[in-house]
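> Just lifted these from Swiss-Prot, have a look:
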type: TRANSIT; residues: 1-42; note: transit peptide
type: COMPBIAS; residues: 89-99; note: compositional bias 'Basic residues'
type: REGION; residues: 89-111; note: region 'Disordered'
type: COMPBIAS; residues: 100-111; note: compositional bias 'Low complexity'
type: REGION; residues: 206-230; note: region 'Disordered'
type: COMPBIAS; residues: 213-224; note: compositional bias 'Low complexity'
type: MOD_RES; residues: SER217; note: phosphoserine
type: BINDING; residues: GLU351; note: Mg(2+) 1 binding site
type: ACT_SITE; residues: ASP496; note: active site, proton donor/acceptor
type: BINDING; residues: ASP496, ASN498; note: Mg(2+) 2 binding site
Amino acid sequence: MWRLPGARAALRVIRTAVEKLSRAEAGSQTAAGAMERAVVRCVPSEPKLSLSFALADGSHKNMQRDQSEPLGRVLSRIATNALKGHAKAAAAKKSRKSRPNASGGAACSGPGPEPAVFCEPVVKLYYREEAVAEDVLNVDAWQDGAVLQIGDVKYKVERNPPAFTELQLPRYIMAGFPVCPKLSLEFGDPASSLFRWYKEAKPGAAEPEVGVPSSLSPSSPSSSWTETDVEERVYTPSNADIGLRLKLHCTPGDGQRFGHSRELESVCVVEAGPGTCTFDHRHLYTKKVTEDALIRTVSYNILADTYAQTEFSRTVLYPYCAPYALELDYRQNLIQKELTGYNADVICLQEVDRAVFSDSLVPALEAFGLEGVFRIKQHEGLATFYRKSKFSLLSQHDISFYEALESDPLHKELLEKLVLYPSAQEKVLQRSSVLQVSVLQSTKDSSKRICVANTHLYWHPKGGYIRLIQMAVALAHIRHVSCDLYPGIPVIFCGDFNSTPSTGMYHFVINGSIPEDHEDWASNGEEERCNMSLTHFFKLKSACGEPAYTNYVGGFHGCLDYIFIDLNALEVEQVIPLPSHEEVTTHQALPSVSHPSDHIALVCDLKWK
């Protein structure tokens, strides 16, 4: 999915060559002229560079030196380290004849029967076959392709090679659900890196096939690994893998070079999946990424872990849900599979924990070609992802509703109306809700841009007037972005608006105005009544219509989520059907073992007019 099929064979050849090279480098030098590696990490924003290499005596050296330091000082230090390393090796071997030192030092024969005294090796750095002057600064001396010579041993200098800075497998793995490793690279690119998956051999199974790298030898006498046929970043275990652990062998790359390979084993075995999920049938409509003229859009409140794990949630809100199905490790598997299966171009998520964004959503969706941005609210926040092959992020214009209302001149008139109602004003300014606004530009046609807004309005059933004011702030801000900053760009406004179609908020969005005598201005009683009329200039439509419900819990069900679109520029190509009522209620309500949230994702294909 992430590489062209025609390139698969070529990548396999490259991967094999890289592994052979790694195995050759891991051993001692066996041929004259063969070179070890000296890895240099030198970043302009940091005062020091690091130098890493292995001496032939087995010791590994990691040096931190000032970038502004003369090269000669480093070479002198390397010579001292090489001499010390050889002295330790010599002490372990009582008899040693006078001969060139394998670690770079030379044996200096003393008179009579006295043991040999070892001299510091000559240490030089060469670039393009010429010695680098010792007064050259480190930052300029250590170039990629240079050769470090310690005595008779030569090291090829690799400056800033691709390297993994973070590599993790999920803590909970289920058959039928994609395993998306969390990885971070320095000087590299996941798309240019190589991946190979292994699974634990079942007891009594045949030994691993010949040719498996020695670095992948069993971690214990009772463990052995067999190679799968998966050479991609993501691996989806089958039922045959249940009860087995997984291993990932990966090599970082940048399109031209490969860095040091790493491997990691899962801390858990593959567990059985839940069977059919509520989104499986929906995926039949979203098997492929849409063509360029379409924008598949998803809006989904994924239920923050900070709310799912409370005693109130377990005993009052979701008492019908199996406790393990509320655990984040379990739900993340379902969320990842559901979202990746939609093959969306734009995904707007609500109730996203910060750690879930960085540790779960980013690794999973990035592996499927999407990139994301995050906006924290208080305990959780909003996330917007976009398909990198279709869009690039042009700019972000996120706001906090209460901060914008208090300080942005754009909302001066609205604030002047609100201050006439002190009780209502106090409640509005206490709310932490935010608006995430991202301007995306088509990668195929730079003249096509789109404003994607994402929000989660105040939740309380009696907070209708608060949601009205929040929506007024949101629409004014979106108008500023889509008219003043980027004149004429269309708008997609997604979110959990906590408002059914019968509420004032929905009436305001669809009709463009709300009268001052609407009942929602007194949604929390006469004390907080704040009569005012509001208008906006957009012509908006709910792309997915008005479903019977998008939220279904034991004590409530109703339509709270919407994808509002700009009718002047966009039209609906298709709406992906929601799960059937039978699917939703199979386990009484949501969330459940087959559905990770108390909300249902909205999915539709939009088309430019």
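Placement of Cβ uses the backbone N, Cα and C atoms for every residue, glycine included.
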> Please work out the number of neighbouring Cβ atoms within 10 Å of the Cβ of ASN498 (Mg(2+) 2 binding site), leaving out its own Cβ.
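There are 24 of them.
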> Could you tell me the C-alpha distance between the residue listed as 'active site, proton donor/acceptor' and GLU351 (Mg(2+) 1 binding site) in angstrom, no decimals?
9
> Any idea what the Cα distance is from ASN498 (Mg(2+) 2 binding site) over to GLU351 (Mg(2+) 1 binding site), rounded to a whole Å?
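Here the two Cα atoms lie 13 Å apart.
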> Validating a neighbour-count step here. Other CB atoms within 10 A of the CB of the residue listed as 'active site, proton donor/acceptor': how many?
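Around the residue listed as 'active site, proton donor/acceptor', other Cβ atoms within 10 Å: 24.
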> If you draw a 10 Å sphere on the Cβ of the residue listed as 'Mg(2+) 1 binding site', how many other Cβ atoms land inside?
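Result for the residue listed as 'Mg(2+) 1 binding site': 25 other Cβ atoms within 10 Å.
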